[in-house]
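The active site, proton acceptor annotation in TrEMBL covers K35, Y253. Positions annotated as N6-(pyridoxal phosphate)lysine by TrEMBL: K35. Sequence annotations record features per position, and here TrEMBL assigns substrate binding site to R130, M301. Residues annotated as domain 'Alanine racemase C-terminal' in TrEMBL: 232-356.
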Amino acid sequence: MPRPIAAQLHLSALRHNLSLVRRHAGTAKIWSVVKANAYGHGLARIWQGLDATDGFALLDLNEAVLLREQGWQGPILLLEGFFQPQDLALLDHYRLTTTVHSDWQLEAINAARLTAPLNIYLKLNSGMNRLGFPIGQAEAVWQWAKSLSNVGDVTLMSHFANADNTIGAGEQFARIQQASGHIPAARCFANSAAILRHPETHYDWVRPGIILYGASPSGDVADIADMGLRPVMHLHSEIIAIQALSAGHHVGYGSRYSASSAHRIGVVACGYADGYPRLAPSGTPILVDGIMTHTVGSISMDMLTVDLTPCPQAQLGSKVEIWGENLPIDNVAAAAGTVGYELMCALASRVPVNVCA
Ligand SMILES: *Cc1c(COP(=O)(O)O)cnc(C)c1O
């Protein structure tokens, strides 16, 4: 028998979420963001759940090649661009659209021998200060790109630092408008948070990631509560042992939990080597037999422990929901001081995965 932990991935939830995003995005086309192995879900496993998308965005060349080899013929966007001039042979062969964020990339495209012009996304740095040309150079870089015979369609791209919080996208968006509002090009600015909160930024293409997987860009489930998203990843395990604690008994490494009265705890086959956050404190929510309870003590590599006080019926083999249908990954992440993105991406390869249509 395998360890009882397993993840279920619901392709129907992906399809559903994509259709909701489409409703929000209006006439904009959709780059479904599947970087980081589809946010930890497994690109090969799940991309067909998103095959109604207009294109896939990712940043690993291997992942782009995988999509092509599995039959995706539509657009693919490399969100970080290419990393060295030699990569252009693959971009040409597989017809990949690339972000261009630096002078050297335009020079390399100009110097390359291509079978056809490459479509590019000109990344403008409007305040995030990671990738991109200084926003004030938008016009000059656009003119340069348009002048190159190896360059096909040019789309303007930028990325918001605060679309998911109260600072908002306004200041960055104003900078983009001021520097590039007059340029006759297609535009692509909005991530999940901007799709939900800043419809004025939608334009021609949007780039949803986290909402496709059914989680919140801000980490606050209230933000997506009325959207009707469904979680794609459901992580389950079982109680594999029960301990009856007396008052004063401790649990786990560092004895971080001390029972104030007699109660039972359950030992769950799930630990940080499965992707559960090691820093989740006592009190992190978890469901046993469908009843909400919480972790107690440190998370171990292969096990975690839960308070069974709210679930007196719990026994060996009781079902444990770690996150999914009834417990948003955002709530587990918030308790652990992180975001749903990180937990999804961290799902360990040793966890068996079942894909449900
Ligand atoms: C990851 C990423 C996205 C998607 O972000 P979400 O917050 O998951 O919607 C969009 N654009 C770029 C450039 C990204 O790197």
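The backbone N, Cα and C atoms fix where each Cβ goes, and this holds for glycine too.
All annotation found in TrEMBL is predicted automatically rather than curated by experts.
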Nearest-integer angstrom distance between the alpha carbons (Cα) of Y253 (active site, proton acceptor) and M301 (substrate binding site): 11
Mean of the pLDDT scores, which run from 0 to 100, over the domain 'Alanine racemase C-terminal' (232-356): 97
Residues that sit under 8 angstroms from K35 (active site, proton acceptor) by C-beta distance, when 6+ apart in the chain: A57, L58, L59, D60, E63, L79, G209
CB within-chain contacts under 8 A for M301 (substrate binding site), separation at least 6: G271, Y272, A273
Helix, strand and coil totals (DSSP H, G, I; E, B; other) for the domain 'Alanine racemase C-terminal' (232-356): 19 helix, 45 strand, 61 coil
CB contacts for R130 (substrate binding site) [other CB atoms within 10 A, all chains]: 10
CB contacts for Y253 (active site, proton acceptor) [other CB atoms within 10 A, all chains]: 11
